[in-house]
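TrEMBL annotations:
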TRANSMEM  51-71  transmembrane segment
TRANSMEM  77-96  transmembrane segment
TRANSMEM  154-177  transmembrane segment
TRANSMEM  211-231  transmembrane segment
TRANSMEM  299-317  transmembrane segment
Amino acid sequence: MGIYILIIAVVLDYIIGDPNNWPHPIRYIGRLITRYEKVIRKSKVLSGKKGGFVLTFATLATVLVIIHYLIKFTYIVRFELGFIFSVYLIYTSIAARCLDRETMKVYYALKEDNIIKARQLLSYLVGRETSQLQKKEIIRATVETIAENTIDGVIAPLMFIGVGLVLGIPVEMAYFYKTVNTLDSMVGYIQEPYREIGYASAKLDDLVNYIPARIGSLLMLIAGFLLGYDLRNGCMILKRDKRNHKSPNSGYSEAAVAGLLNVQLGGTNIYFGQKVYKPTIGDKNRELSIINIKDAIKIMYASEILLIVIIILIFVLL
């Protein structure tokens, strides 16, 4: 039954994505994090990194307990209700279609040479300063976002769901990962005022993405090869530049995409008014162009399909 929930959820994600007017669990998790953060910051006892650990644990415990008992309750009320609710929660944990739509908005703005609009649209997707970015920098940031979120928004959730299918708790595993990822995206920064309170969230996010980033980058290389991109260069750049990133994980997917497309990613960005220097990833064999945004999206979808096929095969064999 669990595998059918996954397949239906993935199809739903591809067809409808995440409509803005629909209730989304991640929004509620975000509000919960904000409330807990405010309480912790006001506390004299829970200061610094200690408060960050409490924030991480409290958020995870709250989310997982609520989801576990809601699933139990809906199945008790009616099997079909529990099934539909499980499908909905799994569907909302996968962000492939949403990533596609939001980054394609940047693509179309650039295609119209509307740099101001492209900057604004990109600002919704990244933490870096976008107001002064030029066209090539916007393209680079968008391709990097797709590469990184292929892991965070697609591969990693699917891997946790796959493990959850074996354990009989696919939804709980999906939302364990999504909660950690949401914590990191909201407070997991090295800049103030998040340096200490976000420490635990950032480190836990690094940990849960360790295996998905490495397996995911290999899936991206295979997907890129099947799509006709440069596998040899992809392998070379992944091996050479995978650690050219402040994150121990993000460099893997960015290196895979940079190599497959023969472009250069990375470089200096501005976060919260502070310059953050990053090494480059890949070689400038080709200049970045807006078509690379579409290329990165194709690699994302092909990687997703590959992983789903693998999960189904493992589930059938077990």
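Each residue, glycine too, has its Cβ placed from N, Cα and C.
What TrEMBL says about a protein is an automatic prediction, not a curated fact.
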Can you work out which residues elsewhere in the same chain, 6+ from the ends of the transmembrane segment (299-317), have a Cβ less than 8 Å from its Cβ atoms?
2-3, 6-7, 10, 96, 99-100, 146, 149-150, 154-155, 158-159, 161-162, 165-166, 216, 219-220, 222-224, 226-227, 229, 256-257, 260
Surrounding residues of the transmembrane segment (51-71) on its own chain - C-beta under 8 Å, 6+ positions past either end:
29, 32-33, 36-37, 40-41, 43, 82, 85-86, 89, 169, 171-172, 175-176, 179-180, 183, 187, 196-201, 204
